[in-house]
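Asker: Sharing the feature lines straight out of TrEMBL:
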- 244: active site, proton acceptor (ACT_SITE)
- 87, 89, 90, 105, 117, 118, 168, 175, 254: ATP binding site (BINDING)
- 245, 254: Mg(2+) binding site (BINDING)
Ligand code: AMP
Ligand code: MG
């Protein structure tokens, strides 16, 4: 088992609670093949026992046995407040497969379920499934999703819904919250075991350094800074950046009330439960920095043993202070490529920021604006660019375009070369909430075809995919304000 900790105070060994009479809602056959699962012509596993395994009914297929499923304990800060003990309340770690841990999310009550029913509803399972694979195709570090199985078993949220299980995968599901838990429990032994495990298996580059634990913290913080820069660059809002939802590997995990920006708003809040906008789009970098401060506090006992308390704090603080700089550099790199600026220029930050301001004030579609800019040929008159009509303030758009065109003239590459970079970084297709909603509503009526179709579109986000333009369209007015919340 990849989870490194043993003992009653770290995890519970248990069996998933079977999902009654399950059926396939979605299955990702490319990932399945990568895992060595034989897939038939319909794209489903040849061995029917996979349906049972991924619904929590059985632990064995022809080729694999998952002998020791567990749920793990962690703690965390929720919306900035220490929440104490949490844990895998509805996700059960089945075991390992080809370098991944397999988790069944929604597979029943565990010791850590608190008041919850251990289940996940169909809509949130489909959203996690689609978004994990969409993010992967966009090149964003993320947990993966292999399948969703559904059932007629009813579960109560705001109304009666049906249960589902999402199978998700990551090289490790260790979270910032795991460190926080064992720091709060004053268990330096468990902290050490976890850090040593991470050094061996996931951060080997830190092992030969002067202080591997400090290097480990720096590496986690760096990955996290780069991750959030990538989110900003594709207009992704996570929705619940509580420290228990932050991967120790710098992956996007725990997809809940996330959202891709349609009309761009810096202060967009995607989670209906986040009244104060703590996790609004423009706050994400700050919040991830804050989460790294939580991690630094939790890792302090590891660093203290070598340096003593005061010096250890100083070292951690110094490393933590590097976060904004790493973030800024990664952010600028993304946005330079998004604008086709291949030779760095010191004025690029203000060019990007003024564009984002303009997009914000004109409420233009985030994804489509960058995609349209990718098609813009600087040798043509910018005033005839159809993108111009998306901006209410055309004068402001013209002014920005003038400086953009002037900047492009400094570039040595050809239009074609620039365009190929831009089209490979500015997606045409992202998982807009309304697209997910359409697939969900069909699935709620037992038609899973749209889940499959949408998944296929999202798996190739940078291609034109002629004939599928409708999937690149901004939401129709009636579907512009779909509310998603922590209820899942
Ligand atoms: P989340 O907001 O999904 O990240 O969940 C926060 C915590 O609540 C985690 O410890 C989850 O395992 C737990 N949780 C959420 N929903 C349920 C549920 N339906 N049953 C049991 N535990 C849950
Ligand atoms: Mg969570």
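All positions are counted from 1 along the displayed chain.
Every residue gets a Cβ built from N, Cα and C, even glycine.
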Asker: Please go through the binding-site residues 87, 117, 168 one by one and keep those whose C-beta falls under 6 A from any atom of ligand 2; give the result in sequence order.
Answerer: none
Asker: Excluding near sequence neighbours, so keeping only residues 6 or more apart in the same chain, what lies with its CB under 8 A of residue 87 (ATP binding site)?
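Answerer: When sequence neighbours closer than 6 are ignored, residue 87 (ATP binding site) has 71, 72, 73, 74, 110, 111, 112 within Cβ distance under 8 Å.
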Asker: According to DSSP, which kind of secondary structure is residue 168 (ATP binding site) found in, if we only use helix, strand and coil?
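Answerer: DSSP assigns residue 168 (ATP binding site) to strand.
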Asker: Quick one, of the recorded positions 117, 244, 254, which Cβ has the fewest other Cβ within 10 Å?
Answerer: 117
Asker: What's the most sparsely packed of the binding-site residues 90, 168, counting other C-beta atoms within 10 A?
Answerer: 90
Asker: For residue 244 (active site, proton acceptor), name the DSSP secondary structure in the helix/strand/coil scheme.
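Answerer: DSSP call for residue 244 (active site, proton acceptor): helix.
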Asker: For residue 87 (ATP binding site), just give me the three-state DSSP call.
Answerer: coil
Asker: Looking at Cβ-Cβ distances, which residues of the chain lie under 8 angstroms from residue 245 (Mg(2+) binding site) while being 6 or more apart from it?
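Answerer: Once residues fewer than 6 apart are set aside, residue 245 (Mg(2+) binding site) is near 76, 175, 177, 238, 253, 254, 256.
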Asker: Over the residue list 87, 89, 90, 105, 117, 118, 168, 175, 254, recorded for ATP, what is the maximum interresidue Cα distance in Å?
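Answerer: Farthest-apart Cα atoms in 87, 89, 90, 105, 117, 118, 168, 175, 254 are separated by 22 Å.
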Asker: How far is it from residue 168 (ATP binding site) to the residue listed as 'active site, proton acceptor', counting Cα to Cα, in Å?
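Answerer: Here the two Cα atoms lie 17 Å apart.
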Asker: Give me the CA-CA distance between residue 90 (ATP binding site) and residue 244 (active site, proton acceptor), in Å, as a whole number.
Answerer: 14
